[in-house]
Amino acid sequence: MIKEKLDYIPNDLVSLEDYERYAKERMDFNSLAYICSGAADEITYKRNNEAFKNIFLETKTLEDLSGANTKIELFGQSYESPIFLAPVAYQRLVDVNGEIATAQASNAMNTCMCVSSFSSCTLEDISNTTSSPLWFQLYIQPDMNVNIELIKKVEKLGFKALVITIDAPISGIRNAEQRAGFYFPNGISAINLENINSIQTSNNFENILDIVKTLPTWKDIEFIKKNTNLPVILKGITSVDYAKKAVSLGIDAIIVSNHGGRTIDTLPASIEILPKIANEIKGKIPILFDGGIKRGTDVIKAISLGASAVMIGRPIMYGLATAGALGVAHTLKILKEELEVSMIFTGCKSIEEMKSLKIINNSYQFR
């Protein structure tokens, strides 16, 4: 039996794991299959979470923490914490207000929300909901005119950055969705892409290899970069080579992410890749991180290994499914408070100080 959405926060809802449990009691089988699944055997999906458990912190509890705060600045915008909302598609699958509710939570917590190309609410409605900065996530469409049209729209609406997803040129094979016979209920669609041929799937072609004729390339990235006044961020960087290429092309930031383990299986965890990329980039551009964040200690680990900020995806949906905008805001509050406690125990009074924190990984020290 599916339980009703909450309009209050019960005493036993104190962690992101709790939210996941509560949400799964409130989502139907169809939504569960979409939100909670990973590609193929879900090795990468599970590894994203498990990898954090092999990374350990060092305590420093006699430091002067006067003036401690979690604030960061990116692209001229100030944020209360380094915890951002990742782009998640079709949020109305779990809440009637979908992305609008998430934007309300983002506004309440003064953080950044990245809106998916596959949002189930209009860009205009989302923009009108919040005064906090919004970023727009773009899946590059085969018709470049469509991409430019979308970009000009979000520029006009006041979005502050353009996030181009590069790690999902086609949909991943998610067996859990296939077994469930996943479908989009009536009234839920990528409303901002209506009448547009969106992300490619193997079902659109007689031969899956025919898809390669329409897939984006670095030339498309360069073209878009030249045709927008927004900072351009590449999401889905999982290799040092691609990180270096992004820097060479003048990309403004990158997001180290394996798409939550939803595209291709058996990739390393995002946190395992992060320090290698950060050591190569050496602060030339900001690095954001996505994949497996469930605790404030995870946030501090990611920042100490090279991230400027982190993004959460599935936890948004769990908060939304449990208690709507209230649930998303509370999810962000939990993470921020856990981060603040972690800062006290590790002797860090700023995000900048986290970057020199000693981190240990089972048998060897990262730094």
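Any Cβ shown, glycine's included, is placed from N, Cα and C.
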(Q) Of the residues T61, T165, T214, T217, only one is listed by TrEMBL in the FMN site with P87, V88, A89, S116, Q137, K235, S257, G313, R314. Which is it? (A) T165
Q: Have a look through R47, R174, R295 and flag the one TrEMBL assigns to the glyoxylate site that Y34, Y139, H259, R262 belong to.
A: R174
Q. CA-CA, which of the recorded positions A89, H259, G313 lies nearest Y34 (glyoxylate binding site)?
A. A89
Q. How many Å lie between the Cα of R262 (glyoxylate binding site) and the Cα of K235 (FMN binding site)?
A. 14
Q. How many whole Å apart are the CA atoms of Q137 (FMN binding site) and H259 (active site, proton acceptor)?
A. 13
Q | Same-chain residues at least 6 apart in sequence whose Cβ lies under 8 Å from K235 (FMN binding site) | A | P87, Q137, V163, I164, T165, I166, D167, I254, I255, S257, D290
(Q) Can you tell me how many other Cβ atoms are located within 10 Å of the Cβ belonging to Q137 (FMN binding site)? (A) 23
